[in-house]
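What Swiss-Prot lists as carbamoyl phosphate binding site is ARG109, HIS136, PRO137, THR138, GLN139, CYS273, LEU274, ARG313, and the listing cites sequence analysis. As annotated by Swiss-Prot, L-ornithine binding site applies to ASN168, ASP232, SER236, MET237, with the evidence given as sequence analysis.
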Amino acid sequence: MKITSLKNRNLLTMNEFNQSELSHLIDRAIECKRLKKDRIFNLGLNHLNICGIFLKPSGRTSTSFVVASYDEGAHFQFFPADNIRFGHKESIKDFARVVGRLFDGIAFRGFEHEVAEELAKHSGIPVWNALTDTHHPTQVLADVMTVKEEFGRIEGVTIAYVGDGRNNMVTSLAIGALKFGYNLRIIAPNALHPTDAVLAGIYEQTPERNGSIEIFTEVAAGVHQADVIYTDVWISMGESVSVEERIALLKPYKVTEKMMALTGKADTIFMHCLPAFHDLDTEVARETPDLVEVEDSVFEGPQSRVFDQGENRMHTIKALMLETVVP
């Protein structure tokens, strides 16, 4: 299906684009990856300026925006979190209107999703959600690209997400399922199932029904015949919860070699949006080893595609900027 121009479009949630437009972005990202491998740089963003507002820590996402910008000839400017105090001395609206006159796009990572919406409303330039408390759409673009590279398709693929079913990744993956046509199984304890309100919002705001969303409590049933087992850390950035209570809830959902075998498929892959606790090489994991959400043998094993996902963050972000920025 022919798509209309994506110029000056935002990516605040996966619902900003329809299936054809999202598929086009994935195909463009795959092409960007090929060109990068061949060291071909077309400078599609030459002499443009990209603004980076990162109010939460960021590794892969921020560097992906930086590298993608420089590859295509753009300048990327970080605004340090300490320099931005929305609502203290300057409103989001006023800040956005100035930035919109100086820059050609905004990458925003923060807490309240409403801040991203305000930036998009008043800046007049594309705003890309690099993660908020409720959505993480740029990660799902990389995930879908990784799945398509692995299986040659995304439609009909079964992704089993194991862990905290209420986080921003699950929400974005769920919208992505209805858009792209993959089947998402959310496998979590009852206390961490997505709320009825969140699920209702996903279905209400997503017109497509190309894939499915199912919720499981029992691991074996949820992962059976899954093409992908996906997990994330058990406590999200900025989340204030009892570590002991969260471990007690999610320890049965730790991704292990045994869980991978429960799929009954030899070609099941493992995915993780990173950063991950998979060994004792971090202070947090050494202090609380029971917080490790995936066995190191799975994370480092032949079924793992976590570093493909990490690389594909850059290619999908590059495609997103090339398609949406007005030159």
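From the backbone N, Cα and C atoms, a Cβ is placed for every residue, glycine too.
What you are looking at is a predicted structure, and each value in this text was computed from that prediction instead of being measured.
In terms of C-alpha distance, the listed binding-site residues ASN168, ASP232, SER236 place ASN168 closest to PRO137 (carbamoyl phosphate binding site). Of the listed binding-site residues CYS273, LEU274, the Cβ environment within 10 Å is emptiest of other Cβ atoms at LEU274. Using a 10 Å Cα-Cα cut-off around HIS136 (carbamoyl phosphate binding site), the binding-site residues ASN168, ASP232, SER236 reduce to ASN168. Between the C-alpha atoms of CYS273 (carbamoyl phosphate binding site) and ASP232 (L-ornithine binding site), the distance comes to 6 Å. THR138 (carbamoyl phosphate binding site) sits 12 Å from ASN168 (L-ornithine binding site), taking the C-alpha atoms as the reference points. If you compare Cα positions, LEU274 (carbamoyl phosphate binding site) sits closest to ASP232 out of the binding-site residues ASN168, ASP232, SER236. Comparing SER236 (L-ornithine binding site) with GLN139 (carbamoyl phosphate binding site), their Cα atoms are 15 Å apart once rounded. Cα-Cα distance from GLN139 (carbamoyl phosphate binding site) to ASN168 (L-ornithine binding site): 10 Å (rounded to the nearest whole number). Note: the CA-CA distance between ASP232 (L-ornithine binding site) and ARG109 (carbamoyl phosphate binding site) rounds to 18 Å.
Note on ARG109 (carbamoyl phosphate binding site): other Cβ atoms within 10 Å of its Cβ, all shown chains, come to 24. On the backbone, the CA of ARG109 (carbamoyl phosphate binding site) and the CA of ASN168 (L-ornithine binding site) stand 13 Å apart. Comparing ASN168 (L-ornithine binding site) with ARG313 (carbamoyl phosphate binding site), their Cα atoms are 17 Å apart once rounded.
Largest Cα to Cα distance within the recorded carbamoyl phosphate binders ARG109, HIS136, PRO137, THR138, GLN139, CYS273, LEU274, ARG313: about 16 Å as a whole number.
Of all the binding-site residues listed (THR138, GLN139, ASN168), ASN168 has the fewest other CB atoms within 10 A of its CB.
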